[in-house]
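Taken verbatim from TrEMBL:
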| type | residues | note |
| --- | --- | --- |
| TRANSMEM | 19-36 | transmembrane segment |
| TRANSMEM | 56-77 | transmembrane segment |
| TRANSMEM | 89-108 | transmembrane segment |
| TRANSMEM | 114-137 | transmembrane segment |
| TRANSMEM | 149-167 | transmembrane segment |
| TRANSMEM | 187-213 | transmembrane segment |
| TRANSMEM | 245-267 | transmembrane segment |
| TRANSMEM | 287-310 | transmembrane segment |
| TRANSMEM | 322-341 | transmembrane segment |
| TRANSMEM | 374-396 | transmembrane segment |
Amino acid sequence: FEPSELELQKAKGEEWRHIIIGTLITFFCTVELHIIQLGEWAYMNQIDKEATSSFFGFAASFSKAAGVIFAFVFAFWAQRSGKLKGALLAGRVITLIACFLYICIEFVPGQRRFGLAVCYFLFGIGFSTSPLLRSYIAEMSSEENRSSAYSLTSAATIMSIIVGPIAQLTFKNVSYPGYEILPYIRLHIFSAPVWLALITNVIVILIILFLFVDVPTDYSDDSPKLVLSFSELKLQSRRLKDLKVPWILVALVLFEKCASTLTYASLSVIAGPMMTVIYSFTGEETVTVMAVCQIIVGLLAMSLSLAFIFCKLGKRISTQTLFLISKLIFVVGYILCYPWPGISQPLKVFNASTHTGCNPEEYEWCETEQGTPFLVFTIVMIIVMGLAIPSSTLSLDTIYSKILGNIDQNLMQALFGASENLMMVVGPIYAT
């Protein structure tokens, strides 16, 4: 039986409808993430003067560790229930709670850095459902359209990189402590974007409830429940072993994912402290500079994705070659932004009133070391974040999905996301 042309077009239309809905959810979730991440260090440094960059690094690692653990929890949930909707909704509700806590944290009497660490932990749980969305795209797209589907998802993610900073810059003139709009609720440069994140989170919940269509599964369990017992772990391990995949290639791609994530993990967590410690920027200045840089990053990355979608760059250059080019950009960028003697600048003197500059009580190397010139560091950061990292992510996502083939990819995508998060756990501690 051969399907008619009309049936083929209808099936293709349904396929792209599911892909677009999954991409839309990804977009709103990543907008939330980028809005929140921009001001994390600046806000912590502002409301708790005892916060150090090392504590910030540990808090960021704590958040990513939660992401590693709960990526598997949500994957088990999805597999046992045969549906993604419940796990996705749970992640969004947890993120909603974290947004409310983040908005109210400045009214905690003391030790606010620990309250922010709790918020980071909840954000880590909430955003750990992203592997399920990658799996959803893989399940809903044919192998012929897989690369285009991932390019569309990548473009949505990159668009969120632009939208998030623009939202942040909208409130750049609302300096801390801002305006009290309700009892114990203030609107300022650090809290206003989180209100936007909260709104986008509500939008995602509505999309999941009313538009999201679950991946059809054929699990025979009549009473699907999440049971994280030892026997359940053994069962899932056996399922992984029984999967017909080239495990050597899978291990190689997972290793490459870890290696390529380390630079991103380091840059994302040290950029804020570098702005305040080395370049002596205030919290408001740090957020503004990082927002402008991230907008340029987003525009560069968007240009790359559009080249894949409209110029068929994926047919002109192999994913392996693209990955190699991204690694070369990483290496050249590191060499250029190293603080070479003669071209670097002395570190800024510590200012106790603004809590900016290099504090010799915290860093013993303040009077002996030098810093990379600001323009050099920001240009390198923009190119690496805007070209190298998207190239690396797009190529590895495509390669990994094709290696796995037409299997239920929930657990394997969770493993892929966990390898990334593992470096996001190690990276912040190492970098800070």
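Here, residue 1 is simply the first one shown, and the rest follow in order.
Every residue, even glycine, has its Cβ placed from backbone N, Cα and C.
Any TrEMBL annotation is an automated prediction that lacks curation.
For the transmembrane segment (245-267), the neighbouring stretch richest in Cβ pairs under 8 Å, chosen from 19-36, 114-137, 149-167, 187-213, 322-341, is 322-341. Where the transmembrane segment (19-36) meets the stretches 56-77, 89-108, 114-137, 149-167, 322-341, the count of C-beta pairs under 8 angstroms peaks at 149-167. Most Cβ pairs within less than 8 Å of the transmembrane segment (149-167), among stretches 56-77, 89-108, 114-137, 322-341, belong to 114-137.
Beyond the ends of the transmembrane segment (89-108), by six or more residues, the same chain brings 29, 32, 36, 47, 74, 77, 115-116, 118-119, 122-123, 125-129, 177, 184-186, 191, 194-195, 197-198, 201-202, 204-205, 208-209 to within a C-beta distance below 8 angstroms of the stretch. Counting same-chain residues at least six beyond the ends of the transmembrane segment (56-77), those with a Cβ under 8 angstroms from any Cβ of the stretch are 40-41, 44, 86-87, 90-91, 113, 116-117, 120-125, 127-132, 226, 228, 232, 236, 269, 272-273, 410-411, 413-414, 417-418, 421-422, 424-429, 431-432. Distant neighbours of the transmembrane segment (114-137): 18-19, 22-23, 25-26, 29, 32-33, 36, 40, 43-44, 48, 55, 58-60, 62-71, 73-75, 78, 84, 87-88, 90-92, 94-95, 97-98, 101-102, 105, 108, 149-150, 153, 215, 397, 401, 409-410, 413-414, 416-418, 421; these residues of the same chain sit at least 6 beyond its ends, with a Cβ under 8 Å from one of its Cβ atoms.
Counting residues 6+ beyond its ends, the transmembrane segment (322-341) has Cβ neighbours under 8 Å at 256, 260, 263, 369-372, 376-377, 380-381, 383-384, 387-389, 391-392, 394-396, 399 in the same chain.
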